[in-house]
Amino acid sequence: MNKTAEDLLDSLKCASKDLSSALTSVTIKFNCIFISTIVLISYCFILLAIQALLRHNIFSNSTRLILIVCLLNSVVHQTTMMETRVRQIYRSFLFASDPCKLLYRSSDCVVDLYFFFLTGYFSTYSVFSLTSDRLVSHYKSKFYHTHQYFIAISLLVIQLLLTLVSFYIAFYGVSLAGYVSVCIQYPKAAVQYGTINTVRTMVMVCCLIVTGFTYYLSVKSEKQIQKISYSPGERYSAYENITTSQSVCIFIILQLSCVMLTSIGMNLLLMMGEAMSEGTFTTIALFLPGITYANLCLPLVIYFKTKLTIRNRKFRIAVMTSMYGDAGEHIARLKKSWE
């Protein structure tokens, strides 16, 4: 960006009357309460999900490690989101009558941008790690079960590299000139930001297709193993593959839905262009933080899937143990059938 363009952006220090009214409105204050509530609920379920993974784990060790890292990453992302929203509301109270102090200079938001977008990209690319984990589990079963932590760490490193590359393409060398309504808004000069969002969406769609196919293969394989194998270890491994693949499918669908909500919503807002005021655009956009919603979905899937699986296991055990009564009755029945 040339110096003239930077100077032009820096000159737009004061919020317009329409934007100023929006940033100090009741709707924006409600948005802060709403997003903060989402974040606080996600904290509770993240704690419950981590406890479930550590105490009542139904996933493989590789999948569990990936999920725990993703949960910890989501804590940072959610905290950044809530901190910026609370700070923006505080600013709207403090400078309600001074529109020239309502906005943030992009250069003052560097730390927030780093935390928000890096953790956001990391959350998105978790679907790649989980999908790859399922593929290795299905096609290289023996290697998978003997090298689970190596596989998980390798996939997390790749996930981190994808995150850093995406952040580099979107923001490296981008001028931080200009002003933004909230500190997590990307700089106006970040022209590659939309391209990276498109790539992220395509990655999630591909991962959903691959994971769905892997889930189908896992179900098919589990049915075959139930017919021909009496090994408890082999049967449990097949059941674990189904449970994990199903959970990953659910998570990717929810993640994709949340991100598409933001992507489609923002694209529609941009298409409307001049037909929509800046204040209305900002108000609607603040209700569309897809990754924040996705970071609530992840612990919900883990926690409730764990509870459901444990309940189903107890039910099956109860059916099996009550089918023939106690051991004495079963032996007596066998003796009678042998006479």
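Even glycines carry a Cβ here, placed using N, Cα and C.
For reference, Swiss-Prot has these:
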{"type": "TRANSMEM", "residues": "33-53", "note": "transmembrane segment"}
{"type": "TRANSMEM", "residues": "110-130", "note": "transmembrane segment"}
{"type": "TRANSMEM", "residues": "150-170", "note": "transmembrane segment"}
{"type": "TRANSMEM", "residues": "199-219", "note": "transmembrane segment"}
{"type": "TRANSMEM", "residues": "250-270", "note": "transmembrane segment"}
{"type": "TRANSMEM", "residues": "284-304", "note": "transmembrane segment"}
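Sequence-remote contacts of a segment are chain residues at least 6 beyond its ends whose Cβ falls under 8 Å from one of its Cβ atoms, and for the transmembrane segment (110-130) they are 63, 66-67, 70, 73-74, 76-77, 80-81, 83-84, 155-156, 158-160, 162-164, 166-167, 170-171, 176, 183-184, 186-187, 196, 200, 203-204, 207-208, 211, 248, 251-252, 255-256, 259, 291, 294-295, 298. Remote same-chain partners of the transmembrane segment (284-304), defined as residues 6 or more beyond its termini with a Cβ less than 8 Å from a stretch Cβ, comprise 28, 31, 34-35, 38-39, 41-42, 45-46, 48-49, 52-53, 67, 70-71, 74, 77-78, 81, 85, 120, 123-124, 126, 182, 247, 250-251, 254-255, 258-263, 265-266, 269.
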